[in-house]
Amino acid sequence: MLHKNKWLKQAMLASALLLANPFNLASAAVVTSIRPLGFIAAAIADGVLPTEVLLPDGASPHDYALRPSDVQRLRSAELVIWVGPEMEAFLSKPLTQVAENKQIALSQLPSVTPLLMKSDEHDEAEEGESGHHHDHAKDNPTDDHHHGEYNMHIWLSPAIAKQAAIAIHDRLLELTPQNKDKLDANLRRFEYQLAQNEKNIVTMLKPVQGKGYFVFHDAYGYFENHFGLSPLGHFTVNPEIQPGAQRLHQIRTQLVEHKAVCVFAEPQFRPAVINAVAKGTNVRSGTLDPLGSGIVLDKDSYVNFLSQLSNQYVSCLK
């Protein structure tokens, strides 16, 4: 009986500890709002702290509803990294409970703000451009994402990714100064890797630079400008519902008139929607994944993400 009581007390104590902090085993982590930020953070925090992504694959940063367990993860994190309130408005309130030195809003960094693109901004002087025709007609008014004055898809900019990596390095150095050598080495490796990767992507994309295309999400401006691609514009289409006959006619007319080579959807689009858009034209259809769903977080994941995106462009435009 005595043995049983002792076991019961131990079990109750263990339960109390878990209730006090259900994430006590993984409390010291770098937590990012979305997967691509996790790619950058994982490269810098490699061998220092684990990196976790708050949003599950398939969830939208525009309208995610935090669970109590998510709030706990934010509070127990060593560092929280997000784009900023224009992209992840749902984080603004819970992050008031997190110390300022334990969070980074990347879009607000002094090193990043000069690199921000205005919404719908493209480099019109870019060679090979035939102009950008933006189609804003909607099948679903909630489907187009506006982030205010600036394009907030900043993880698609290698230049901003580099500044993000430096900021993450510097903050982790403040929080864990004992890891200086490892953090310094990680940052040097990331910067070298990024520079080499950019050279490879320039070579890969050169043959398709003058080929026009449309997208279903106005997210890619940073990547397109950086690598000299030729977007013709974007259509706003509900990923779940096939557009009506009149809308399809409008889209197909633009595809043909502007001599588009390809129209790109994203992983959340149903195949029937994608097929319906390009049907009856010679325009190919492809898929771009701006969040890198399925790419494992490790020290190579950001460059793997950029390479995957480049391959997705080339596979449809070549």
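Glycine too: its Cβ is placed from the backbone N, Cα and C atoms.
The feature Zn(2+) binding site is assigned by Swiss-Prot to HIS62, HIS153, HIS217, ASP289, with similarity to another entry given as support. Per Swiss-Prot, the feature compositional bias 'Basic and acidic residues' maps to 129-146. Feature annotation from Swiss-Prot assigns disulfide bond to CYS262-CYS316. If you look up Swiss-Prot, you'll see 121-146 marked as region 'Disordered'. Sequence annotations record features per position, and here Swiss-Prot assigns signal peptide to 1-28.
Sequence features, as recorded in Swiss-Prot, placed on the structure.
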residue : record              : DSSP (3 states)
HIS62   : Zn(2+) binding site : coil
HIS153  : Zn(2+) binding site : coil
HIS217  : Zn(2+) binding site : coil
CYS262  : disulfide bond      : strand
ASP289  : Zn(2+) binding site : coil
CYS316  : disulfide bond      : helix
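Within 10 Å of the C-beta of ASP289 (Zn(2+) binding site) there are 17 other C-beta atoms, taking all protein chains into account. Cα separation, HIS217 (Zn(2+) binding site) to CYS316 (disulfide bond), rounded: 17 Å. Fewest Cβ neighbours within 10 Å among the binding-site residues HIS62, HIS153: that distinction goes to HIS62. A simple way to gauge crowding: the CB of HIS217 (Zn(2+) binding site) has 21 other CB atoms within 10 angstroms, across all the protein chains here.
Compared over the disulfide-bonded residues CYS262, CYS316, the count of CB atoms lying within 10 A of a residue's CB peaks at CYS262.
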